[in-house]
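Residues or ranges marked as substrate binding site by TrEMBL: C:Glu11, C:Met103. Feature annotation from TrEMBL assigns domain 'Dihydroneopterin aldolase MtpD C-terminal' to C:3-105.
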4 protein chains.
Amino acid sequence: MITDREKAAFEAGIKLGALYHQFVGTPIARETAAAVEAAIEQAVGLQPYVTGITVRLNRDMMVSNRFGYSELAGKMFDAAITTEVGTAVCRARMRLEDDYPMMEIVEFHETTRDTDH
Amino acid sequence: MITDREKAAFEAGIKLGALYHQFVGTPIARETAAAVEAAIEQAVGLQPYVTGITVRLNRDMMVSNRFGYSELAGKMFDAAITTEVGTAVCRARMRLEDDYPMMEIVEFHETTRDTDH
Amino acid sequence: MITDREKAAFEAGIKLGALYHQFVGTPIARETAAAVEAAIEQAVGLQPYVTGITVRLNRDMMVSNRFGYSELAGKMFDAAITTEVGTAVCRARMRLEDDYPMMEIVEFHETTRDTDH
Amino acid sequence: MITDREKAAFEAGIKLGALYHQFVGTPIARETAAAVEAAIEQAVGLQPYVTGITVRLNRDMMVSNRFGYSELAGKMFDAAITTEVGTAVCRARMRLEDDYPMMEIVEFHETTRDTDH
C-alpha cells in the first residue's frame, strides 16, 4: 500500500530534482533572472500533479565573471512547489541551508478536491 | 508530522528527476552506452539517502542519425533506485510505459539498520 | 596565426552547442514556448562575443504526452546567432535538416566597429 | 566562401559548449571522476568531425559538501579537442584561466587525409 501523501512527496521530489539539473549552468545575470525564473516556473507547471510552483533566484549571488555575467548555481535557488495526488497536498521547497541547496518537504494537508488523474 | 516513508519517497523522486534532466541529450550509441550507465549510477550513488541505483539504457532505441550516433532520450531509461530514511526503505523506478518515461514508487519496507543522518 | 573569422566561428559554435545541451529536455508546450525562447535568448545574449541571437521553437512538434505536455527536443530548434571578434562578424544557425538539428556557419562579413574585448 | 579551418573551428566550439552544458551539475567526487571523464569523452567522440578528445576533471576542486560529494563545475574542466574538416585540423581546449573556464583555439594544421563527410 502506497498512500497519496507518499505519492505526492515522490512527485514533489521529482520536480525539484528535475528543475535543478535542467537549469543549473544557464548563463545568467540580474537583468535576465526574471526570464529564467518565468521559464522554469512555466516548465515545472506543465508536469503532472503540480498545482503550484514559484522560483526565486538569488540575485546577490550573481557575481559577474570577466565577461560580465554569471551562471545559474544550485545555491541561487529558492523554490516552493505544491503537488496533489488524490486528496493529499504536499508542499516542498529547495533553499540554501548551511551552504547546501537543501530540498525538503514542508508539510502535507488534505484537499476536498480530488486531483488524481 | 512527516514520516520516514514520505521522506524516502521524496528523496527517491529527487534522484529520478535529477538523473533524467542531467543526462537527457547526451550523445550516445550502443558502444558507449555502458560508460554512460556507469557514470549515471556513480553520480546518483553519491547523493544522500541512496542505497541502490541501477540504470539500463535501451540500446534498441539508439538509432543512428546521419552522423552515426544517437542521443540519450527519456524513453531509453530503465532505472531502479532504493532510498533509505530512518528505517524506511523506498524502492522506485523509471521505465517506459505507454510511450512515457514513467517514474513510480514500487514498494516500501523496513530495515533494522538506521541510516538517517 | 588564428584569424578573427576563425575565432568568431569558434565562438558561434560554442553558443549553439551550449544552448542545445543546456535546454534540451525542458518540459514544454505551445503556451510556454515563448517563455523558454525568451530565457534562452537572454542567456545566450550574455555570453562573450554574441551580438545577436534569435531562437524559435517549432510548436508543431510539441505533441502532448499523456500528461498534456511535451519536452524540448533538438529538432524543435531554429536558432540564428551572430558573433563578432575584432572586425569579423560570423552568422550561424541551427535548424532541422533531413531530420537532424544541423548547426552551420551561414556567412561572414566585416564590421568597421571593433568589438574584440 | 567559408574555409575548412573556419568550419573546423566552428565544430570544435560546438563540442566544447555542448559538453560543458550537458555535464555541469553532475554529482561528482574524486572516486567517481574517472567514470564521468570516460562518459564525456565517449559522448563527444561520437559527434561529427571529432578526431580527438580528452577530458580531465580537477579533483582538487571536488570539495565535499555536508553529504560527502561535490558537483561538476565548469572550473573543473581541462579538455582538449581535435576536429577535422577537409584537410584542416583544429585543436582547441577549455581550461581555467583567471577563474574563468576559458575555451580557446590552440592551433590549426593540415592533414593529408581528407575527413570531410
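Think of each number as a place in line: the chain as shown, counted from 1.
Just so you know, glycine gets a Cβ as well, placed from its N, Cα and C.
The average pLDDT for the domain 'Dihydroneopterin aldolase MtpD C-terminal' (C:3-105) in the predicted structure is 98. The domain 'Dihydroneopterin aldolase MtpD C-terminal' (C:3-105): residue composition by secondary structure is 39 helix, 37 strand, 27 coil, according to DSSP. Within the same chain, residues at least 6 positions away in sequence whose Cβ sits under 8 Å from that of C:Met103 (substrate binding site) are C:Gly13, C:Leu16, C:Gly17, C:Tyr20, C:Ala92, C:Arg93, C:Met94. Counting only same-chain residues six or more apart in sequence, the Cβ atoms lying under 8 angstroms from the Cβ of C:Glu11 (substrate binding site) belong to C:Pro48, C:Tyr49, C:Val50, C:Thr83, C:Val85, C:Cys90.
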